[in-house]
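Colleague: Got a structure for you, written out below as structure tokens; questions coming shortly.
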């Protein structure tokens, strides 16, 4: 009997695989480094964003036509720029021509809910691709939805980490399914991440320069209540899936690795992040990664231990596609994510995660979560009232 959301998960895996290949094709068309191309309305990252969003939404919409979508892009820029629209269309068209069947799933995979229940995974039915440039534009515009509280809504970020994508470093291709505002499925492709899924989880670190230049990285996936899995991505499909289950650690607090955004490039209060780490005797910064979804992947893989997000005030907000899905990956691997009041992060409120609804964030494993939360509260209490 199929497990809950097995069909959605299998389709999401196949879709993220195709979108990951597309983004890598954009990178490789410029020798894995796109920083030299700077024209504002025609950069490779813009092309990759639009093309991947079109591919992802079209594939899901063809199977679940009543579902809604929330994505970062609309097609307005493409409708106003025929040259850019044509460039995006050529990448989408070529992806459709090369994607004649769904990617192969490794025989004997342990995560049965990931591989066998979506009919496309067994019948090798091709994913649906837009048939024309105009259809592509209409599909992109399906991602302009606002409401996430009711019904089935797919949240996507076709290229999370645009700045590092442009440098040929780490970025993520993300898709999640919310049902009545709650994350149920999350799939995150990390096409540039050189990481061995069969290695010793918890011992390997992740860096911006740890690039899988010749391969296609890894993909992480989760269904609520069913665990998190990681597998390699190849051009033809996936490697063997491995479940990620972290146990309580005997690590000293002074050895904690705090994942941090590029220093000086965020509006979060990094001085207070440092103060939290220092109260626990840990060095700061630990792992430095730009993409928010890659941070969740690093936490999930055990490549880092703690993430704190301390806003300077409650007016700060972030976007739901920077967090949805990634949070589920970490939680299903055993992690805890809460705001500073101990509340769950509300993905159902809308396109923005608002500071007056969820102020701040702590992500850590259970054995250390309370200690980090205590340190955060101590630091916040030193603020001038």
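Heads up, the Cβ atoms here are built off N, Cα and C, so glycines get one too.
Note that the structure is a prediction, hence the values are computed from the model and not measured.
So TrEMBL lists the following for this protein:
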- 72, 157, 160, 322: Mg(2+) binding site (BINDING)
Colleague: Beyond 72, 157, 160, 322, what residues of that chain have CB atoms within 8 A of the centre of the Mg(2+) site's CB atoms?
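Modeller: Going along the sequence, the neighbours appear as 156, 158, 159, 172, 174, 292, 293, 319, 321.
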Colleague: Given the binding-site residues 72, 157, 160, 322, and counting only Cβ atoms in the protein chains shown, which has the most within 10 Å of its Cβ?
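Modeller: For the binding-site residues 72, 157, 160, 322, the Cβ with the most other Cβ atoms within 10 Å is 157.
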